[in-house]
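Visitor: Take a look at this one; I'll ask things after.
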């Protein structure tokens with residue numbers, strides 16, 4: 001099936017030529033290309049058009065869950081007839097296994113798995129197995145080890161009416177796929193049996209179960225049923241049941257792998273005893289033998305991913321299997337915000353190895369556990385077929401590898417890159433206060449970026465004393481509160497937002513008319529050309545947007561950022577003049593910005609009820625309501641809201657236990 005792009009808009013401005021250039025280059029065999037798109041130029045729409053034109057499976061990698069969620073939502077709207085999937089870390093909370101030798105402290109792995117994301121991850125690999133028209137939006141967790149695609153696909157169960165297969169045989173096969181039988185509580189990853197009928201709730205399904213009806217030792221009929229109502233939706237001529245976990249292996253292979261694990265264990269115990277490390281020898285023997293026994297008995301154990309090398313029969317040091325291995329050979333990778341995402345991919349391997357090496361050295365894990373890891377950067381490069389970098393500020397890696405660069409400088413709204421002025425550091429605060437007063441008198445908003453937390457706090461306090469409505473956005477503020485602060489700025493609760501490194505990607509506030517950059521001439525990460533261009537972009541959503549840099553000299557980074565902004569502005573002005581376009585400030589509803597926080601705020605009263613004053617019955621009902629809201633928030637990918645509900649749920653359940 002081909003990709004079918006649905007949109008009420010047609011490509012405009014620079015989009016048509018950018019799409020044409022990129023598609024032509026990839027069809028001619030280019031491996032690396034770059035889309036340089038300024039803030040607000042419609043890069044996501046261009047990406048969608050490129051995917052539709054190339055018509056090949058696509059992996060979009062984003063540098064965080066929130067942005068991945070936004071892209072996932074947009075791509076689902078663009079491609080409603082195709083498989084758009086979401087693959088990020090399924091942990092709401094994750095404390096990795098670790099050991100601190102200095103204090104002899106072992107920290108066991110502790111995690112809370114988000115059931116909804118687990119389903120979406122399984123759905124992504126199922127879609128890649130069954131069809132070609134697949135877009136997977138992922139975070140960098142896509143480079144972490146996953147089970148073998150061949151094993152996962154090979155163990156899947158194919159069912160057809162007329163197939164010779166008895167009910168008990170199918171039940172045993174489902175257990176091998178890590179499904180559990182539960183005739184009372186039917187949920188994702190379970191099956192139930194009633195006479196000659198076996199119902200399966202696929203691990204990658206939402207609200208649809210598969211009902212298999214038998215006549216003797218033959219499948220008589222297969223239907224889809226609504227889990228809630230039991231209503232038959234449709235009959236099926238064929239269905240595939242995929243494993244309930246990515247770490248699924250046949251019992252035969254598990255038994256063989258256990259023999260290899262025992263060999264490695266013997267070698268490790270001998271090594272520790274030879275080094276007179278008797279505690280480590282005893283520790284590794286006890287822990288590993290327990291895991292081996294669990295795998296032989298149940299086909300699974302806690303931390304089974306640490307034995308991935310043995311379960312996949314891979315050689316020491318071989319690259320792990322990842323989500324990328326589920327894609328066919330001919331596929332496209334799009335790296336969103338590549339100037340951040342590429343370095344992030346490069347940094348994953350070293351941090352993971354450092355922690356695991358300590359566990360191995362002190363007898364908590366076998367050396368083979370080091371192969372349960374993310375890809376290193378060279379291995380990641382080895383899996384690239386074709387790659388599109390997307391960024392407003394491509395970095396060194398993109399510059400060195402791209403064979404083609406398409407620029408998207410024209411905004412559909414006609415908005416120009418802001419004008420920039422450079423002013424001396426001496427007297428910068430008084431000058432800034434004067435500029436802030438001018439902007440706020442016209443009901444405009446201001447962003448100020450400083451270099452240090454101390455300066456941000458002092459500036460915020462000073463302005464507040466002068467009667468300016470100001471708030472400070474710092475790194476200790478969580479995602480929900482951050483969204484609320486931005487909402488308050490847009491709703492005119494205050495006028496000036498001060499921050500350090502939080503004013504760059506993803507902070508698009510159309511009401512901003514002034515961005516002030518203090519100490520712009522202090523070379524470093526926060527004042528690099530990339531950071532400066534991204535910060536300048538925050539003023540590009542308003543037709544009156546402008547930027548003031550406070551500096552005593554023009555650094556190389558400042559010069560590049562200023563020259564690039566001037567170049568873009570000139571191109572934009574010429575285009576607007578030629579086409580009779582008047583720049584229009586972006587109109588964006590405040591509700592769009594705070595969807596996450598509203599999930600919690602919508603029922604603030606319910607959350608704030610005093611559980612101590614409730615009867616047992618009221619408390620049980622309240623718990624059920626909160627649990628429902630938590631699952632709904634998770635289903636809508638509002639994970640911060642879901643976490644808030646989860647914390648409330650724990651508290652309420654503790655209160656209920658005390659009442660009992």
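Positions of Cβ are set from backbone N, Cα and C atoms, glycine also.
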Visitor: If Swiss-Prot is the reference, give me the range from 90-113, 114-137, 138-161, 162-185 marked as motif 'Beta-hairpin'.
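Guide: Motif 'Beta-hairpin', as annotated by Swiss-Prot, spans 90-113.
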Visitor: As a test of the contact definition, list every same-chain residue at least 6 positions from residue 42 (ATP binding site) whose Cβ is closer than 8 Å to its Cβ.
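Guide: Those within reach of residue 42 (ATP binding site), by Cβ under 8 Å and sequence separation of 6 or more, are 13, 15, 408, 411, 412.
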Visitor: Within 8 Å of the Cβ centroid of the ATP site residues 37, 38, 39, 40, 41, 42, 43, 44, which other residues of the same chain have their Cβ?
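Guide: My list of surrounding residues reads 46, 392, 408, 411.
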Visitor: By a 10 A CB contact count over all chains shown, which of the binding-site residues listed here is most packed: 39, 41, 44?
Guide: 41
